[in-house]
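Summarising the annotation, TrEMBL assigns active site, schiff-base intermediate with substrate to S90. Annotation source TrEMBL lists active site, proton donor at C104. Annotated active site, proton acceptor per TrEMBL: S299, H313, in sequence order. The substrate binding site annotation in TrEMBL covers F32, E89, F293, E317. Taken from TrEMBL, the feature compositional bias 'Low complexity' applies to 8-24. According to TrEMBL, the pyruvic acid (Ser) annotation covers S90. Summarising the annotation, TrEMBL assigns region 'Disordered' to 1-27.
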Amino acid sequence: MAETEDISSSSCSGSSSNNSSTSGSREDMHFFEGVEKLLEIWFEPNPADQGADLRKIPRPMWDALLKRVRCEIISFTRNEQIDAYVLSESSMFVSKRRWILKTCGTTTPLECFEPLLRLAYEIAGYNEIEDLFYSRKNYKRPELQISPHRGFEEEVSFLDRYFDDGRAYSLGAINRDCWHLYTMSRGGGGSDVLKRNSHIHLLYQNGQQELPYELMEQPAEQLQEAELQMMESDMMMQPLPDPDQTIEILMTELDPKVMAIFTKEECSTANEATEKSGIHLLIPGMVIDDYLFDPCGYSMNGISKSGCYMTIHITPEPQFSYVSFESNIASSAYAGLISRVIRTFQPGKFIVTVFANQTSQAANANREIENLGTIDQWKRRDIQYSRVSGYDLTYAQYCKYPS
């Protein structure tokens, strides 16, 4: 049974109006950056603390952490698997050992990175990071962002202070629509939560393993071969990871008639906007927590009993319209879901990214999307594949034609 709490008040600013006052009082200066920064962290199971759980972190500590990000909680829902928060700028999801923060505007999610690690260590009971993913689309107006988010290079430099094994990637045309990703390299184990991890080739769950003395006297080439053999042997003994996947659909140049639904002129409540737009039909079985901002803007979280989530955030102004859809629902075929989403919002352009590990139902998503050269009125203009941190990543960009 899901529990829901709405703690918003009339004084809370909408996601599209929240930054308008800081951007300038004149109408021609109004701009809101809909593009979100997405930070996802998985913590390594702690054998010494079977009760380790991020949901132990109390609400006041989340409130304080989010102040550093420049946003606040406005609504909350939960079930046995996941806690979901609608924020003044997008969403936060907390499960047993996974934490997701997705924020738009001029928020600063990386500023809460170190405080989060301390909460994970001191309260939740975790000692190591298993995986980290930081990603975003390119900004429409990067010059308005605040450090450390003024550019991807700055964001990478910030994260490199904590990780010696970090990797940064950019997919798509960097002079047009593109998507940036920073992740850890799977070098054989988790990264210590409270200290920077160095290039340790033989770091495993229970600490560092040294090479036998007799191997230390071998020539360098033989030593490297011995190290690799030991790494491969140990990796073969590691259990397969839990199935994990994420699909994102990032949409721009949206149909003004559709975007009008997400204004107080067209709909008086969030539920009305959800029903009128058809959002409730995208993934059946989700318990929806939605919010319609004043005068415009919309956010929603959906959670299922299995722990799956979906989240949608809408900046409807015609000059900089933007919609994001994200879910971790497992599927061997995403074509139907992609079609439902883009038919609902009618974008002029959109990006699809699918991230899936080897045990996921979505492990072959790259082959499916490769065959989706055209989806209704949208034609694929770009597609790229990459394997990073034990995951297969597929990136594709589509435009409505003729375009």
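Cβ coordinates are placed from backbone N, Cα and C, and glycine is handled just like the others.
Around the Cβ of S299 (active site, proton acceptor), a 10 Å sphere holds 28 further Cβ atoms from the protein chains shown. In this record, substrate is bound by F32, E89, F293, E317; the longest C-alpha to C-alpha distance in that set is 16 Å.
Of all Cβ atoms in the protein chains displayed, 25 besides its own lie within 10 Å of the Cβ of F293 (substrate binding site). Put plainly, the binding-site residues E89, E317 were compared by Cβ crowding within 10 Å, and the winner is E89. Proximity to F293 (substrate binding site), defined by a C-alpha to C-alpha distance within 10 angstroms, is shown by the following active-site residues from S90, C104, S299: S299. Here the CA atom of C104 (active site, proton donor) lies 9 Å from the CA atom of F32 (substrate binding site).
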